[in-house]
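Listed features, source TrEMBL:
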- 222-255: repeat 'TPR' (REPEAT)
- 528-585: domain 'Signal recognition particle SRP72 subunit RNA-binding' (DOMAIN)
- 542-669: region 'Disordered' (REGION)
- 549-559: compositional bias 'Basic residues' (COMPBIAS)
- 561-582: compositional bias 'Basic and acidic residues' (COMPBIAS)
- 613-637: compositional bias 'Low complexity' (COMPBIAS)
- 653-669: compositional bias 'Basic residues' (COMPBIAS)
Amino acid sequence: MASGGVSVASLWTEVNRCGQNGDFTRALKAVTKILQENRDDVTALNCKIVCLVQTGSFKEALNVMNLHSKTLSSDMAFEKAYCEYRLNRVESALKTIEAAPEQTDKLKELYGQVLYRLERYDDCKSVYTDLIRNSQDEYEEERKTNLAAVVASMSQWEEAPLEDLGLPESTYELCYNAACALIGQGQLTESLNKLRQAEELCRVSLADDSDVTEEDIESELAVIHSQMAYVMQLQGRTDEALQLYNQVIKLKPSDVGLLAVTANNIITINKDQNVFDSKKKVKLTNAEGVEYKLARKQLQAIDFNKALLAMYTNQADQCRKLSSSLQSQNPGHPRPVLIQVAQLCREKQHGRAIELLQQFSDQHPESASGIKLTMAQLYLIQGHVTKACDVLKSIEEFKHKSGMISALVTMYSHEEDIDGAIDIFKQAIDHYQSEQPGSAAHLALVREAANFKLKYGRKKEAISDLEQLWKQNPKDIHTLAQLISAYSLVDTDKAKSLSKHLPSADTMALKVDVDELENSIGATYVRKKAAKVIGENLPKEPIQQGEIKKKKKKKKGKLPKNCDPKATPDPERWMPMKERTYYRGKKKGKKKEQVGKGTQGATAGASAELDASKTASSPPTSPRPGSASGSSTAPASNVVPPRQQKPAAPGATRKKAPQKKKKGGKGGW
């Protein structure tokens, strides 16, 4: 009899009934009462662990298993490993599975999940392939989906070639994984088509369920849309990608991994622009549990972008802290060092940046190619061209590439070190002579070397290159001519002997009919044009009887206004006033007429007409003195500025011509 007067048998009946109904909370209460009577009851302990797992209490279930490890048998290996896996103790889960006495099918399923989380994709693929081959149940489609996810991860993160495993694409999950595998292979157009196919399959499969709303469908499609946006971003369609990314963010999906990846990709589109939006988006990448949802390379990319965002927002200390942390986590990766160098360059510390690059290059020579290129760029910024050339020549990976040879020759030429540039050509030609003799790259390099030497007057040194080119193609007349020209300075006899290989003048002459060329339309047109320029007197056509010859009227020159044609023009009118003979300078000592002085309305007669305070905004209420008789009002905009109007004579009347009102002008100014 248990406490409270309830028998143990009835409690077991309650446990059984609740287990069948899926009510594991009530079943857990009943099991707890049973264990109060017998704390070492193995069956009750097993039931309690199952109830705790079903209710999501993984930590408590693991504590029970560890506390009663001696009492419980090894049959609980799956439950223990599962709890460790759900608590993100993946390494412990792997040890528990490997230590199990028997590898059951459910343990193998969990083993595949653990290996996938640990990014051991080859082993994971083997586990799922074996399960699919040896199992036939209702979970076969899920296993194929997991296997497709493994193949896609190998393609994306390990750049492994695609392997045809005969997986179907009947569901949207399988189709989505196939698209991800194509992205890893760089087949962006095909992957985008596959993602659209997955979107259609998802809509069709969820539309049959009456309980699924449109919001649920959009939430399920969020991962597909985010991947479609990523493909568009890789294709350079950033505006379309950004629109899709923002749609996914607005949905607020429950998957923190999806939110983090989407926000990170928006930050990469923003770059150094719209940093306020990037600072808001970066918070989504710091959500709890993100590190358990994403692959190692995804987390690494997010951390790199955080450091770059700190640099763009002028948070120098934060940038240095993040980049130093990244360097400690990835000691052989060059990107953290490059971020630190970029921050130092923003602070104008180019010398310290070069020291940091040199230090990394010495410690990690296998990753030094990109570092040395950056170092050479910094030397060029400082004007140290020779040092930049020395750094570039030390990169064995690019030493004999055409781009590197071109850059080195250009820099040596800029420094007027022609011998150094010729030496670069010589080393490259020797390399191709031993590795790829007679190849197109080898001959092109010899041609460029010969042209360079001829350009700078090194004809003697160009002879060997020209001879090599001519031997490869004896019909090349241009090379032969260059060779003869070079030999003419060294060995005239050799030049004469080579000139015998030149074709005769008859073979080189162009077979042109001169008469036909002169009579052609183009030649006739040119001849007529030349005749007009030379000014030859062409015979005039005779005027037929009854035809009147039109005379061209000469246009009369325009005279200035107020010009008296009878008066003799001033011969000094083109000279400045101060340089004319009759200029006597400004008259000094005479008082100017007092215009506009005193209070408004103090003057009478013509003075009132010169009052500039009466503007268009305040029209007069009575006729002005001096206005035409019979005129009752006049617009104020007609007032001529005082500096342009002479005072009217007493008693004189003058009719004002109407003028258009000037925009924005008060008082006519």
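Cβ from N, Cα, C; glycine included.
Note that TrEMBL annotation is computational and uncurated.
With a cut-off of 8 Å between Cβ atoms, none of the residues of this chain six or more beyond the compositional bias 'Basic and acidic residues' (561-582) come close.
In terms of DSSP secondary structure, the compositional bias 'Basic and acidic residues' (561-582) contains 3 helix, 0 strand, 19 coil.
Mean pLDDT for the repeat 'TPR' (222-255) in the predicted structure: 93.
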